[in-house]
Amino acid sequence: MALSTSPSSPLKKLVHVLWGDWQANQLWQRIFKASLACTIAVSIAVIPKVVEVYGLNTYLIPMTVVFAHPGQRMAMMIESLALLLIGATLGLGWALLGLYLSTLVTEQDAAAGSTIRALFWLVATFIHGFVRSAKPRLFVPMWFLMIAAGTILLGSSTEVTLRSFTSIMYPILTSGGIVLIVNIAIFPELSTSFLGKSTLETLWETLDTVERATHWFITTGGDSPEAKQRQSGASRASANKAKRTWWMDFLADFPNPFHAGGKQTTPRKAINLTTFVELSSKKPGLRAALARCKMAQDEVNFEFSVSPLSPKALKPISKHGASGLVQNVVTLINACENKYVMLSAATDVESSRQSSKPPFSKGAPPGSQALHQLPEDDMQDEEDHLVSIDDVKPLREITTASVQKLETVLQRLREPVSTFGEEFRKAVLLLMASIAYCYDVPTLPSGLHRPDGIQVEEVDLHLDAFLDAIRKFDERSTRELKLACLLETGQGVDIAPRMEMFLVSSFILGLRQSALQVLQMLHKARELVDERRKRNDRPRLWVPHYADIGKWLSTTSESDVMILPNKARKKTSGGKKKKKKQSSPDTSDSCVSTVPSPQDEEQGLGSDGRRRPGQSAHRAQAKATPTQTPQQGTIWGRVRENLADILEWAQQSDDLAYALRFTLAVMIVSWPSFVSSWRQWYGSVRGIWAPIQLVLAFEVSIGTSIFVFLVRLTGVIFGCVLGFASYEIGGGNRVAMVAILMLGIIFSFYVQVGTKYVKAGMVATTSMCVVATAAISQPQSAVETFEYRLVAFLVGALVGLAVEVFVFPVRARHRLVDSLSAAVRHVQSMHSVIQVGISSPSRPNFRSQKLNRAFSRARNKAQASLDAAGAFLPFCLSEPRLKGSFKPFEPIYQEIIYVLHQIIDRLDTVVDIRKAYGSSMLEDLHAQVYAYRRNAAAANNLMLFSVHEAMTTWLPLPQFLPSPRIAQLRLVSRVREVVEEKIAKGETPSGSGKDEQGSENAASFVTQRKFLAWNANAAGLMEIVEYLEELVELTKILVGVNAFRSGLFERSQYSDYVEQVRTKRQPGRTTTATDERAPSSAAGDTTDSMARVTSVAASVQRFRRALSVNRGPPQVAPEEAIADDDDDDALPASLRRVGSRVQRQSNVARRRGFSASTD
């Protein structure tokens, strides 16, 4: 590969600065371009000759620059400018039509003329609200539609003239020319480079995570005792630096504009010092990088670009390949998480053995321990709910595994994994260099310059070497696993599935799948390199692909995080389901719509998990082909159906409700303009600014609008004050005024381009330009202009807030619950799809394309719903709530979102591994274990269904739920029995009667890739069960549970409390079963697992005892009565939702319980 060289001559150096490798798109470059364009626009807007020709609307010149600023990619700027022109033209044409029609009747009836203008303004306002809610990408054209229509219809114009047209279009066209010239002439930013850079950042982040996860899994990394000793000094030194105040957190949102961004500028921590906490924190970063990469691909596909290769050609790498790679890397992190849990449990066991304090008796349920783990000295504070969330963590089944056995296997795998990791890194670096070369990325994330050329033969050599490395890794890993099994006992092999093998299988298959994904991406990169070499690096113009206009409208680059993003819109989050059409099953929200054949067992599941697997074919066929009523065949019947559809759409449409609220708010502040006697006054006080400012402050939900109002009010005040000060300091001198404005423009564009307060910077720039240009070009004084601008914003924003609060209020917390409910429903569909063939002993077709498509749709919808829930959660804290602060519930919802993300990741991993390697259980052992699979699937579906109904109806959960953990362990035990029988009968692929040969054949059988795939899937399904248990416990905190008030199901044994008083011990999180666990054989591990499962049934009730306030106290010693009383007080009142709805006050409830117990 040839590296690029630097230019020598001064002219070439200047060109290199403006057009070359300095195009890092740094923040200062974008601010400079945008500020320069806005300064030029303001300078033109205050020229007297321009004011004479353009009219009094010259403020539109800098306003257009603000909304289509050149500090962005060239294609995005051109698109924004084109949409802006379209919106202004449509609004101007509509307004001129309304003005012309009103002039026809004004002479006869002035009120009729005003009514016509009001109707046209009403229609324009409604269209703006509906389109803005439905398609947020069209906000800019709808904004200028409102400006053009409002300027004409709300102004004092009485007839249609040419000046009415030119006063709007001339300023917009002038600013369009300014931004085009500045964007092209200075620091141009091409779309293809942006796409390549986004893809490279994702691959670099993924490579770093793979290296750290692989090293941590085989060596424990920074969590080993040696690494902790080396890090202890540095950790103590950095502990003081880690203390941050709210002021530091606020300033963190304002980056240094001259600091080169990028991960390559931050020093990387040594891989051998990586801890699991750092590794686990990389999951959100990977998802965010993948989302940015996909968003870049979607945006660039619909933009003009100039490059040798089409941006669409990178889609197999940037979207499909990157998605699969990130998913496999998440699988590696999950394997590290399981190992961390295993090591932590072993450490707890060792520390408990060395402790002199005796533990609880084995019969003590975890609920009684959780009851006495609550803080006794602290009253209600902000950390109480965090304690409750920590207590709902389920018992991890991986803790039953043996650390010694796992370490024995890892010692044999350490060398082949390390060798393969080096080859993996070389392959990814080659992939990144190829993408940088093909899509003109000047610098790689590692800091190296892109190569000037790559030979196809060189890529082929690396491809062959990487393919050979994968083959060798397969051979060595299989051989080492086989030897580990043979040498474990010295006599034979333990062929039964066990937790250690589950964990190792997940890691090996995850690493291998990551390598295969990189290999596929390398093949595609090889094609790109070959295509570019054939084109001789000659660029060409690529036009956008508008094949799917709906997808283009759904893509949006929401840079303002202070407003509700597009992913949180209600139809995106799945808050309301679309009506299912029988003629187009692909539009259904349910997975069953894509599986119309009821005869196939694997295609008979779905429909949100509500249709049972054994549903009759007649019922399914009747549902698919309903009988036609006599009225449906007539015209009147079809009209009635269409009317019913329209009414249902109107009732469920979130966009229509938003448009109605928005129209009402705008008409409240603009109605004086449609009264003939008030129109002149309305124009003199600049009343048109009130509805225009209302547009910027009116958001989807109450919480968003309140915060947006406060932030943008700050921007308006800053802009108005600076505009007024520039006029007063300049003393009427236009040059001095522009020079002072330039300082404010630079800061405002810094806020707009470099921080999350995007709209605040926009309104600040707009306000200062409007006040300054109006003060110097119009007859009013600068003070009056300043007051009118500020009062107009306050009036418009306050009216918008009042309408949102009192008219069809939309609360962010309601949308949050709707999004979570929809996510649970889609997770239920995903789970139903993977449970194929559970009603028949016949071999299922788990590789069905229909099932895969149904799973993908349900997964995408579930992730979209969780993204929407995550977007709504911050706004729940800022909206008013009569029942108290939402803060105690925030960590609960955060944990629910996290748990659902984990479940989706595990389900996705199960499906990917099953598609790639098959499943030994589904292919070879299905007839013997399908009944056990059915029990496990039923238990999981019932838990998901109960959680979904609880979130939908907000009613308590039932008393009993089936235990999916027990069902899953029974399934694993059954597989152990079947495998042992097969080995004993010599039914393995190479069965033999000799002991040594039989052991070797047994080891070969259990190390087959198909059997390892089932091991990995079994580990994933067990983790799903554990997260489902945690999800149920979190739901109980929110909605409560219909628990028993007395009896053995609710009260612990009296001897347990006596033992606690006698030992004066407050137990930790570790349960008795964990404390008394000792290494055992595989059969012993399963027996211990079943014993621990019995305690899970009791632990399900632990929060009822801790949160209930209407029950009598347990039979405890007098010393413990005071502690119990303090424990009840430590819980926040918002979390005491279990039990009777009548008994609200905890003190009264305790008195009643105490009096009842003493009687």
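Just so you know, glycine gets a Cβ as well, placed from its N, Cα and C.
What TrEMBL records for 567-582 is compositional bias 'Basic residues'.
Here TrEMBL flags 622-633 as compositional bias 'Low complexity'.
The compositional bias 'Acidic residues' annotation in TrEMBL covers 1121-1130.
Here TrEMBL flags 30-102 (among others) as domain 'Putative ER transporter 6TM N-terminal'.
For 111-417 (among others), the entry in TrEMBL reads domain 'Putative ER transporter 6TM N-terminal'.
The domain 'Integral membrane bound transporter' annotation in TrEMBL covers 680-803.
Residues annotated as region 'Disordered' in TrEMBL: 351-373 (among others).
Residues or ranges marked as region 'Disordered' by TrEMBL: 564-633 (among others).
As annotated by TrEMBL, region 'Disordered' applies to 1062-1090 (among others).
As annotated by TrEMBL, region 'Disordered' applies to 1109-1159 (among others).
According to TrEMBL, the transmembrane segment annotation covers 81-102 (among others).
If you look at the transmembrane segment (114-131), the same-chain residues 6 or more away from its ends with a CB under 8 A from one of its CBs are 91, 94-95, 97-99, 101-102, 105, 138, 142-143, 145-146, 149-150, 153-154, 655-656, 658-663, 666-667, 670-671, 674-676, 679, 691, 695. Summarising the annotation, TrEMBL assigns transmembrane segment to 114-131 (among others).
Panel annotation: around the transmembrane segment (138-156), residues 57, 60, 63, 67-68, 80, 83-84, 86-92, 94-96, 98-99, 117, 120-121, 124-125, 127-128, 131-132, 164, 167-168, 172, 553, 670, 673, 679-680, 682-683, 687-688, 691-692, 695 of the same chain, lying at least six beyond its termini, place a Cβ under 8 Å from a Cβ of the stretch. Marked as transmembrane segment by TrEMBL: 138-156 (among others).
The annotation transmembrane segment is assigned in TrEMBL to 168-187 (among others).
Under the heading transmembrane segment, TrEMBL lists 656-674 (among others). Cβ atoms under 8 Å from those of the transmembrane segment (656-674) belong to residues 114-115, 117-118, 121-122, 125-126, 128-130, 132-133, 150, 153-154, 649-650, 681-683, 687-688, 690-691, 694-695, 698, 700, 795-796, 799-800, 803-804, 807-808, 810 of the same chain, restricted to positions at least 6 beyond its ends.
If you look up TrEMBL, you'll see 694-722 (among others) marked as transmembrane segment.
For the transmembrane segment (788-810), the neighbouring stretch richest in Cβ pairs under 8 Å, chosen from 168-187, 694-722, 734-751, 757-776, is 694-722. Remote same-chain partners of the transmembrane segment (757-776), defined as residues 6 or more beyond its termini with a Cβ less than 8 Å from a stretch Cβ, comprise 38, 41-42, 45-46, 56, 58-59, 62-63, 66-67, 253, 559-560, 562-563, 689, 693, 696, 708, 711-712, 714-716, 718-720, 722-724, 726-727, 732, 734, 737, 741, 744-745, 748-751, 782, 785-786, 789, 793. DSSP places the residues of the domain 'Integral membrane bound transporter' (680-803) in helix, strand and coil in these numbers: 106 helix, 0 strand, 18 coil. Looking at the domain 'Putative ER transporter 6TM N-terminal' (30-102) alone, the prediction's average pLDDT is 90.
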